[in-house]
Amino acid sequence: MNGILNEYQTGFIPGKFIGENGMTLSMILDQMYVNINGFFTDATIQQSGLRQGDPLPQLLFNLAMEPLFLHILQETCFSGYRFPEVPSISDSLVVKRMAYADDICVFLDDTVELGLLHYYMQRYSDVSNAKFNEKKN
């Protein structure tokens, strides 16, 4: 296989150590850069991180998404889904959005609301540097 596969292919190749790429990647990723207003700082060594299975990243993600969710909830142009009125409850329940981890569902009535949602998503992306998966939108 020598000469056919490049040197960075280490999986299932005799004489190659499968962990080599992992170690190399770890050395690269241990250096981090901070982006401040579009300018990157010099490389710094990351001295701590989040462990696999750590519940903190999910909590941080939820906190980071909250400003977008609040805009959706407070925007009167989003009509949401209104449950049928129940005789014993004076106001029927309106649901505008639901979220589970990084999956978000927003209830829209028409293309005007869709355009407004795209506007809020773009604004949120601009200030947070978050990226939405356009294939899932």
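Our numbering is plain: 1 for the first residue shown, then up by one each step along the chain.
Glycine is treated like the rest: Cβ placed from N, Cα and C.
Feature list (source: TrEMBL):
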type	residues	note
DOMAIN	28-136	domain 'Reverse transcriptase'
What average pLDDT is reported by the model for the domain 'Reverse transcriptase' (28-136)?
81
What does DSSP give as the helix, strand and coil breakdown of the domain 'Reverse transcriptase' (28-136)?
39 helix, 20 strand, 50 coil
